[in-house]
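Features of the protein shown, as given by Swiss-Prot:
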type	residues	note
SITE	Arg17	site 'Transition state stabilizer'
ACT_SITE	Tyr22	active site, proton acceptor
BINDING	Asn73, His79, Asp86, Ile100, Ser101, Arg110	substrate binding site
ACT_SITE	His99	active site, proton donor
Amino acid sequence: MKILVINGPNINFLGIREKEIYGEGTYEDLCKFIKDEGSKIGIEVEVMQSNIEGEIINFLQAAYNKVDGIVINPGAYTHYSIAIYDAIKSINIPTVEVHISNIHTREEYRRKSVTAPACIGQICGFGFYGYVMGITALKNMLSK
């Protein structure tokens, strides 16, 4: 089983930006953690990141018929990218939206996700482990 993890803007600056919100772990730490945990449960995980909306859409479209599921952290695009919403809907691949912080306890403008309705579920507030939760949920759903 293959799962694609897509990270949006500024996720590459983990460990540098807003450590009080996102923690001390770096983006490299996150990628290693996700791949290692996926491997433990028999999942091949590919991780990608872009700060550019169009590239994220390209990642999604390139995944069509190539992966079994997607975990996506759209970053700030969560709150306004109809284009990413449309891309998720168009590829018909089970997708879980993940956020390191709990977006529902953050600033008002961060509490609404326009991309989550295109996904089968949303996980937020569990730090890096939220990605593992998303991968595990996809594995369980796809194995039925």
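Every residue gets a Cβ built from N, Cα and C, even glycine.
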- His79 (substrate binding site) has its Cβ surrounded, within 10 angstroms, by a count of other Cβ atoms equal to 16
- Separation of alpha carbons, the residue listed as 'active site, proton donor' and His79 (substrate binding site) (Å): 12
- Item | Sparsest-packed among the binding-site residues, when each Cβ's other Cβ atoms within 10 Å are tallied, from Asn73, Ser101 | Ser101
- Query: At the level of the C-alpha atoms, what whole-angstrom distance separates Asp86 (substrate binding site) and His99 (active site, proton donor)?
  - Reply: 19
- What is the one among the recorded positions Arg17, His99, Arg110 whose Cβ has the most other Cβ atoms less than or equal to 10 Å away? His99
